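Student: Have a look at this one.
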Amino acid sequence: MLETDSQRLRVVEDSLGKINVPLERYYGAQTARSLGNFNVCTRSDTMPLQIVYSLAMIKEVAACTNFKLGRISSKLSDAIVKACREVYHGQHDNEFPLVIWQTGSGTQTNMNVNEVLSSRASELIDGSRSSRLTVHPNDHVNLGQSSNDIFPTAMNLSIAMETAWKVLPSLNHLINVLKIKMHEFMNVIKIGRTHMQDAVPMSVGQELSGYVSQLQQAVDSIKSQLPLICHLAVGGTAVGTGLNCSKGFDEELCVSLTQLTDRLYRTMYKESTPVVDLIFKPAENKFAALAGHDALLQLSGCFNTTATALMRLSNDFCLLSSGPNCGLSEFVLPANEPGSSIMPGKVNPTQCESLRMVCLQIMGNHFTTSMAASQGQLELNVCKPLIAANLLHTCELLTDSTRCFADKCVRDLQLNREKIQEYVDKSLMLVTVLTPHIGYDLSAKLVQHASKFKKGLRESAIELNLLCGEKFDEIVKPMEMAFPHNNK
């Protein structure tokens, strides 16, 4: 692309240094930095291409299945298969202009795909385009199918692939980067805080381990939901009875779809092992599969829970890095771009703020998905495109933002160790370890004395004749307080 052509770049400079900008662009350094630092989900209201590609994959295995069942010839099947592969490899993206604001069953998009495949397959057979189609969009490409069962099948297929192949690896990447920092800072003692007030000592590594555990639980929850997403509506046709669909069509298609997705994964991600194997099966009850999308809603709930964990992570990083001179200033976040158009030298926690907004959007997507999933009327849910678009949007947001946050924020996280130690030395909550020795009431009196006269705990304990200095030092050891059971 022109933007990455090294022969057509100009060098511009801001307070953080030099950066390349495409020669033909009017924007400057800070815009270029933002483009590099926030490559998170660009979208519109057109039907997501993931749905189009999934429909093409389904049409491919449907053509093969219909050939095996003797319903179409090998000539038609081969042409449809070739056309399908061109579509899901992105060769005809401009042929799919429809928006999600269409019929609630996704019929228009299903027919859009049928028409494109019909025209291209006919062209492959006849050698030229013609208004007379050898391959019919309904009779051949859509054989044994209805929009009512095929569109929800494409929904589940696309969301399963996005989740297993992109969302989970990105979340695992963030977890792994956090783990590196967790081990690096495990023995750095700081003051914990509850209710935003000083509490007892802990280590920075322990604090980071909390984020790791929350995110790991989120990953496990998402993974547990994927087998249910792999139960497909295909074979239900119009209302769930399977009218006009051959017996065994759904089972054969699911087996073939499992094999196709496995081949595609190994082609796209040659050296990696999938986080979860996608094994597709016909839905046990096709009536429920057409009228309800409970599995997708539950997955959306898992994403929503993940967003709450990420929100805490981003907010805490932002708070702990506040300052640098007039805030907590325990964390030192990487300076990715200048922070203010009016205050020179200011650097803001931009990755934290970006992730925070992503989390809010994911929560909003979940609310919309919840409402849309409730719109099953009699035998059909009629908000399918909206459910698909919101979940795929969430998948893209999670994939991009977690990787960005890991690489642009967590990876280069540093500590202001002097400030952290200063807080430990000043904390009156170290008194907690004294309560087994002098009791709660005297410990409270000690804190009140130290606070009133602006003195340290040790000095105050000696003045009040509660403990001698040697005994105080023997008891009050922040490292041992942080690891009372030696579980470093």
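Cβ coordinates come from backbone N, Cα and C, glycine included.
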Student: Since Swiss-Prot lists SER147, ASN148, THR194, HIS195, SER341, LYS346, ASN348 for (S)-malate, which candidate among SER105, SER246, SER300 does it give for that site as well?
Tutor: SER105
Student: Closest of the recorded positions to SER147 ((S)-malate binding site), Cα to Cα, picking from HIS195, SER340, GLU353?
Tutor: GLU353
Student: Taking just the CA atoms, what is the gap between HIS195 (active site, proton donor/acceptor) and SER105 ((S)-malate binding site) in Å?
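Tutor: Here the two Cα atoms lie 48 Å apart.
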Student: Just to be sure I understand the packing, how many Cβ atoms besides its own are within 10 Å of the Cβ of ASN148 ((S)-malate binding site)?
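Tutor: There are 26 such Cβ atoms around ASN148 ((S)-malate binding site).
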Student: Let's check the environment of ASN348 ((S)-malate binding site): how many other CB atoms sit within 10 Å of its CB?
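Tutor: If we count other Cβ atoms within 10 Å of ASN348 ((S)-malate binding site), we arrive at 17.
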Student: Between SER105 ((S)-malate binding site) and GLU353 (site 'Important for catalytic activity'), what C-alpha distance do you get in Å?
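Tutor: Here the two Cα atoms are 37 Å apart.
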Student: Using DSSP and collapsing to three states, where does ASN148 ((S)-malate binding site) fall: helix, strand or coil?
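Tutor: DSSP call for ASN148 ((S)-malate binding site): helix.
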Student: Per DSSP, to which secondary structure element type does THR194 ((S)-malate binding site) belong, with helix, strand and coil as the options?
Tutor: strand
